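Copied over from TrEMBL:
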- 53-320: domain 'G-protein coupled receptors family 1 profile' (DOMAIN)
- 41-64: transmembrane segment (TRANSMEM)
- 76-101: transmembrane segment (TRANSMEM)
- 121-141: transmembrane segment (TRANSMEM)
- 162-185: transmembrane segment (TRANSMEM)
- 205-238: transmembrane segment (TRANSMEM)
- 259-282: transmembrane segment (TRANSMEM)
- 302-323: transmembrane segment (TRANSMEM)
């Protein structure tokens, strides 16, 4: 996502409002787009940074998962891995369409008269946009039940079940992205003419799909906020309790710090766009299909909010890279595990085991 800032297509396509073209007037503000808004090299550089960041985070995740024996932590890493893979593929897929357009300068109407490429790009924007929000809510819910109701489940979620949940999220997002292809809403070429997205026009199908996309994203962010807030409050309340669960608490704190970081980034990057979509769609409802072209200011604001969304895919991997326990312990040394004779770990510290002989205990 977030590559929508290249040169506009041929302005002759602007009048074709019955297809995926014509939602914006490509002839207006052409020079302004090139001089002040369009920055293809800037976007390309940040796209490459996002790809490299996600690839690095994926390598770190795979390395960490091999060293863990904790089932709870392993399932959490599966969700994180699914999130990183989603962000990486989102950047890769959109770049594979936008970068060739930037260098070849092809005419969309000639290359894609049936709007298949536009539909694919619009589907990718919706799919790879909704997945991180749903995965964030899923991770927050899993940690909420793990922290607040630890005995409600007989066992922790296994890796296979965690991957199944990730697959369900991907499948649901895929069905959501296919709705415009099946007839509910449309994917249309957006300002300045290099990307496709949902159509913010007052047609019935467009309105329903826009509200569905936006409200589902808002619901996911709010659900993550509620789950994470309760989990953080619970951890703060029990953090200074018995030292016997020190190591487990440190692991829980590490996971919650990463979850809160993911939630904060998603909120900052996504909520402006989602609220903007709801606001524009509801304001245009009285027009009842009379508006065929988005106002220039609406087009520009949509582009700005999409750029903000791009940062979500760039920053997500750094949440795990920077907020790992090894890094947090250097910043906050009290997170280092402290050995205790009351530890719940099955194997005691060797030196303590030698001292805790029956004679020493009787004395």
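Placed from the backbone N, Cα and C atoms, the Cβ positions cover glycine too.
Just so you know, TrEMBL annotations are computer predictions that nobody has curated.
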Non-local residues, at least 6 beyond the ends, that sit with Cβ under 8 Å of the transmembrane segment (205-238): 126, 129-130, 133-134, 136-137, 139-141, 143-144, 147-148, 176, 179-180, 183-186, 198-199, 249, 252-253, 256, 259-260, 263, 266-267, 270-271, 274-275, 277-278, 281, 285
Stretch in 41-64, 76-101, 162-185 most in contact with the transmembrane segment (302-323), if contact is a CB pair under 8 A: 41-64
